[in-house]
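Student: Structure incoming, see below.
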């Protein structure tokens, strides 16, 4: 790179606010002065070389700051974070400032070459990489210790000095996105490229998976409707539906991998190199030296962490699982009471009472899932994992194990212990429909209603103030800083995971499960779009190449569904009639078929490439060109010697 960081100016006349920093009220002046100086300082001096401007509110308090950057600074930052952009020859390459002219739509005066989401991601990266040099503490706060290499922003957050950092909405772009996304009812695909440009790849990939999963459910729903109409009480015929279920649950996940590769290649994240992970903000320990980076950072004994996991977390999870099973047995007692009441009365009211235990149990399941989630987050944080990826993996494992048992244990008990297919159908329908209604209300409708009330109050208050040139941006910041914080796609993927379980495990007993799942997902697309655009603060874009550990979770559920459906087929009167003399032969035959189907599933996963052929060729070509460029650099260096 010919240009260096030193020539960048820290003042720009056309300041464009991108990110908001909110400090705690009463933050000491020396702290504010030190922090803002580090933000605008040159890179050579350990600063971020960004632009910052205080936002004076109506009460005169200056605890909110707007952060931006010059166009040139953002381009150099794009190279630092390794953004991948499309070249003029339609290939995807890692952006470098020296080769900027080779990229499609690049011009020195084109400030839209980088999307707003990419600009905000660059600023977030630079702020998080502001590190202490020789400071031993945050000025003005002796208790907030620092050491060389410590992230300043993370220390400010953990000390309570920094309240929040969030990216601003672009109101004009958001208005266009809302209109194209959910502003009108239409049959068609979501504007995934627009979603990606505004919210980033992680959120766009979730909506892409939600859309794909909804379309993948349609064949199950189409087959399920006539199956429900013509074979409702004929349980002998669920063999055919279960067989189709086996093939469906296997194929859709393999096809998704290819679609995911197509999307992420087009967005450039398939080529992005994984960055070295820094310690997560909540990680603590004795100050030591990282043997990889050579920097000072907290060090925590892995033995202590393992003891916490196996002596505290694991017993607690087991205790919660036992409590879940205990609640399940109470549910079956209620079911028996409702059945006895119906037998004694035989009325319309008693018929309705048959569904009351399942509805109550479904509500209890949702409440227990949410309470356990908070406990799991506390335990995982207490385990003190160094990396965010390790923290997320342990949290997901805890939550998935409990949610799986809590949601499906009663269905397994009814199917394989009670052998009551009628009760299984009733319980599955009630659990599925009730959980969908509760999730829609809790995740979208209630937050939207609360946010709408707050916006009305805020507009009235802002209109009563004197108008000045900063009123519009002040109004926007005031509204957005009080919005809820979007905590990521964890809950959204978890909801789809449980829905996939309801459909793939037992839907042959209740064929309309896929129909209700499709209807729920259609409304989910609109409600999730609504909450992203109207309820929550804009989240920072996070580049990603896939849906991460959730792919493994769905594949595991698919394997379990193969076993479940094979057992259901073996329990059917049709198959049972083929082995009138020996039940052992039936068990062995079902086990053999199950092993064969699992073998076919894994063979299909191996045979079907995760990436389409054309993308494989493009990736191979880029790798070859990179190796050739490296060879030329080595030759040039040898010739100089």
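For all residues, glycine too, the Cβ spot is worked out from N, Cα and C.
Keep in mind that TrEMBL annotations are predicted by a computer and have not been checked by a curator.
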Student: Of the ranges 352-372, 373-393, 436-456, 457-477, which one does TrEMBL list as transmembrane segment?
Tutor: 352-372
Student: Of the ranges 563-585, 586-608, which one does TrEMBL flag as transmembrane segment?
Tutor: 586-608
Student: Quick check on the annotations: TrEMBL lists transmembrane segment for one of 285-308, 309-332. Which range is it?
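Tutor: My reading of TrEMBL: the transmembrane segment range is 309-332.
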Student: Quick check on the annotations: TrEMBL lists transmembrane segment for one of 263-284, 395-416, 527-548. Which range is it?
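Tutor: Result: 395-416 is the stretch TrEMBL calls transmembrane segment.
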Student: Between the transmembrane segment (395-416) and the transmembrane segment (309-332), do 3 or more CB pairs sit under 8 angstroms, pairs being 6 or more residues apart?
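Tutor: With 3 or more qualifying Cβ pairs, these stretches touch.
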